[in-house]
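So that you can see what the record holds, here are the features copied from TrEMBL:
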TRANSMEM  7-27  transmembrane segment
TRANSMEM  42-60  transmembrane segment
TRANSMEM  67-88  transmembrane segment
TRANSMEM  94-114  transmembrane segment
TRANSMEM  135-157  transmembrane segment
TRANSMEM  163-185  transmembrane segment
TRANSMEM  197-219  transmembrane segment
TRANSMEM  231-251  transmembrane segment
TRANSMEM  263-281  transmembrane segment
REGION    288-320  region 'Disordered'
COMPBIAS  289-320  compositional bias 'Polar residues'
Amino acid sequence: MGISPDNVHGLVLAVSSSVFIGSSFIVKKKGAGGHSYLYEPWWWAGMIVMIVGEIANFAAYAFAPAILVTPLGALSIIFSAVLAHFILKEKLHIFGVLGCVLCVVGSTSIVLHAPQERAIESVKEVWHLATEPGFLVYSGVVLVVVSVLIFRFAPLYGQKNMIVYVGICSLMGSITVMSVKALGIALKLTFSGSNQFIYYQTWLFTIVVVFACLLQINYLNKALDTFNTAVISPVYYVMFTSLTILASMIMFKEWDSQNASQIVTEVCGFITILSGTFLLHRTKDMGNAPNSKSSPETPVSTKENSTTSANTEEQQMAIF
């Protein structure tokens, strides 16, 4: 079974999104560190590039299934690592190269075996899928677990265990992506001449997207402020992508049209991407270790501190 035209469109948009988002990290790093980054043209140029990437990612969900689009987000790490090697002179270690290769191999496996996008003629069809018993049960479980995490566990364990904050973001993220996909389909149909904004369902999906996004951003920033970004990033990617694929399988039933061999290949491709992502994050500083001859008690300069602060704030806005 070949790749459908819609899947090709979604693939191109998803890869373009990764290129833009990965490039935005490099563009923003070209500016000065510290809180003065807000006055840096490079930083704003990076933000614009990132916004373009997020728009492309949003559009990709309107054409292709989530199991194709969501895992390809890992490609932004590759583009960022490769560009940093050549532009910022941040050495890409051999294990980093292996991580990039694993991400590419896993992405290729998913692309070649991804299910076809369901033909949808109205946002009402998406609403029907969203209100079927299976997805209602999933949404109910997500809301209950998120509420318990926010009101019970976050005050007690939020500062000690990253799974609390990351869990909130990942669970809500799966609902966000389903709503984003519904809104993207509504926009695609509207631009094709069939106005979907006359239906109240489109506005309900829009409200869910806004609310869920704000909740995610809030708790993701808390996680990044509290824990090491190098640990948060891969864990969030794994949980968010896994839950998003699960939600998509329940709501859109994308695996119903596939055989066991195709499904197993997609799962193996996803696991390969996860392996590459963890490898990239775990070894990203191996080639940039400080000189061993320098004293471990040597204080870090103010400029280095401010640069670290700026980079952390960039990651807070970009990782979502």
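Glycine is treated like the rest: Cβ placed from N, Cα and C.
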* Please check if the transmembrane segment (231-251) comes into contact with the transmembrane segment (135-157), where contact means 3 or more CB pairs closer than 8 Å and the residues in each pair are separated by 6 or more positions. => yes
Per the Cβ filter (under 8 Å) with a sequence gap of at least 6 from its ends, the transmembrane segment (7-27) is approached by 42, 45-47, 49-50, 52-54, 56-57, 59-65, 68-69, 72-80, 83-84, 87-88, 111, 114, 116-117, 314, 318
Under 8 Å Cβ-Cβ from the transmembrane segment (94-114), and at least six residues away from its ends along the same chain, one finds 3, 7, 11, 64-65, 67-68, 71-72, 74-75, 77-78, 81-82, 258, 262, 265-266, 268-280, 282-284, 286-287
Listed stretches 67-88, 135-157, 197-219 vs the transmembrane segment (263-281), most Cβ pairs under 8 Å: range 67-88
Tertiary contacts of the transmembrane segment (197-219), defined by C-beta under 8 angstroms and 6+ residue spacing from its ends, are 122-124, 126-127, 154, 165, 168-169, 172-173, 175-176, 179-180, 182-183, 186, 190, 320
The answer for the transmembrane segment (42-60), taking Cβ pairs under 8 Å and residues 6+ beyond its ends, is 9-11, 13-14, 16-21, 23-31, 69, 73, 76, 180, 184, 314, 317-318
In the same chain, residues at least 6 away from the ends of the transmembrane segment (67-88) whose Cβ sits under 8 Å of its Cβ atoms read 7, 10-11, 13-15, 17-19, 21-23, 25-26, 29-30, 53, 57, 60-61, 96, 99-100, 103-104, 106-107, 110-111, 114-115, 177, 237, 240-241, 244-245, 248-249, 254, 266, 269-270, 273, 276-277, 280-281, 284
